[in-house]
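Copied over from Swiss-Prot:
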{"type": "DISULFID", "residues": "Cys18-Cys72", "note": "disulfide bond"}
{"type": "DISULFID", "residues": "Cys19-Cys34", "note": "disulfide bond"}
{"type": "DISULFID", "residues": "Cys22-Cys68", "note": "disulfide bond"}
{"type": "DISULFID", "residues": "Cys24-Cys32", "note": "disulfide bond"}
{"type": "DISULFID", "residues": "Cys42-Cys49", "note": "disulfide bond"}
{"type": "DISULFID", "residues": "Cys46-Cys61", "note": "disulfide bond"}
{"type": "DISULFID", "residues": "Cys51-Cys59", "note": "disulfide bond"}
Amino acid sequence: SGHHEHSTDZPSZSSKPCCBHCACTKSIPPQCRCTDLRLDSCHSACKSCICTLSIPAQCVCBBIBDFCYEPCKSSHSDDDNNN
C-alpha cells in the first residue's frame with residue numbers, strides 16, 4: 001500500500017468553515033447566522049445552504065448556530081496585526 005491519499009474526513013485549509021459577516025441575537029444561547037454571500041456553495045459545515053438560480057449562483061447559509069465561525073479573511077492576511 002504505497003498510496004498516500006488524503007482522507008475526506010480531514011478538512012483542508014480552504015474548506016474550513018468560516019464567516020466574515022455573522023449576526024447573533026442577544027438571547028441565551030445566542031442564535032447566530034452567517035450572512036456571507038458565496039458563489040456556488042456554502043462553507044463546509046453548512047447544513048442548510050440556500051442558493052439563487054442565477055449563474056453563478058449566490059449562496060447563503062441558513063443554519064442557526066450558537067456561535068460564529070472564524071472570519072475567513074484573517075487566515076490569509078497578517079497585515080492587520082501591524083497597526
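In case you wondered, yes, glycine gets a Cβ from its N, Cα and C as well.
Feature map: annotations from Swiss-Prot on the structure.
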{"residue": "Cys22", "record": "disulfide bond", "CB count, 10 Å": "17"}
{"residue": "Cys24", "record": "disulfide bond", "CB count, 10 Å": "15"}
{"residue": "Cys32", "record": "disulfide bond", "CB count, 10 Å": "17"}
{"residue": "Cys42", "record": "disulfide bond", "CB count, 10 Å": "22"}
{"residue": "Cys46", "record": "disulfide bond", "CB count, 10 Å": "20"}
{"residue": "Cys49", "record": "disulfide bond", "CB count, 10 Å": "15"}
{"residue": "Cys51", "record": "disulfide bond", "CB count, 10 Å": "16"}
{"residue": "Cys59", "record": "disulfide bond", "CB count, 10 Å": "19"}
{"residue": "Cys61", "record": "disulfide bond", "CB count, 10 Å": "24"}
{"residue": "Cys72", "record": "disulfide bond", "CB count, 10 Å": "18"}
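Calculated from their C-alpha atoms, the gap between Cys22 (disulfide bond) and Cys59 (disulfide bond) amounts to 15 Å.
Reduced to three states, the DSSP call for Cys68 (disulfide bond) is coil.
Rounded to a whole number, the distance between the Cα atoms of Cys68 (disulfide bond) and Cys32 (disulfide bond) is 6 Å. For Cys24 (disulfide bond), the nearest of the disulfide-bonded residues Cys18, Cys61, Cys68, Cys72 in terms of C-alpha separation is Cys68. Neighbour counts of Cβ atoms within 10 Å were compared for the disulfide-bonded residues Cys18, Cys68, and the top value is held by Cys18. A separation of roughly 10 Å, to the nearest angstrom, links the Cα atoms of Cys19 (disulfide bond) and Cys42 (disulfide bond). If you take the C-beta of Cys34 (disulfide bond) and look for same-chain residues 6 or more apart in sequence within under 8 angstroms, you find Cys19, His21, Cys22, His43, Cys46, Val60, Cys61, Unk63, Cys68, Tyr69. Counting Cβ atoms from all protein chains shown, Cys19 (disulfide bond) has 23 others lying within 10 Å of its own Cβ. The shortest Cα-Cα distance from Cys72 (disulfide bond) to any of the disulfide-bonded residues (Cys42, Cys49, Cys51, Cys59) is found for Cys42.
Using CA atoms as reference points, the disulfide-bonded residues Cys18, Cys51, Cys59 were checked against Cys42 (disulfide bond), and the closest is Cys59. Each residue contributes its Cα atom, and for Cys51 (disulfide bond) and Cys18 (disulfide bond) those atoms are 18 Å apart.
Under DSSP, Cys61 (disulfide bond) is assigned to a strand (E or B) in the three-state scheme.
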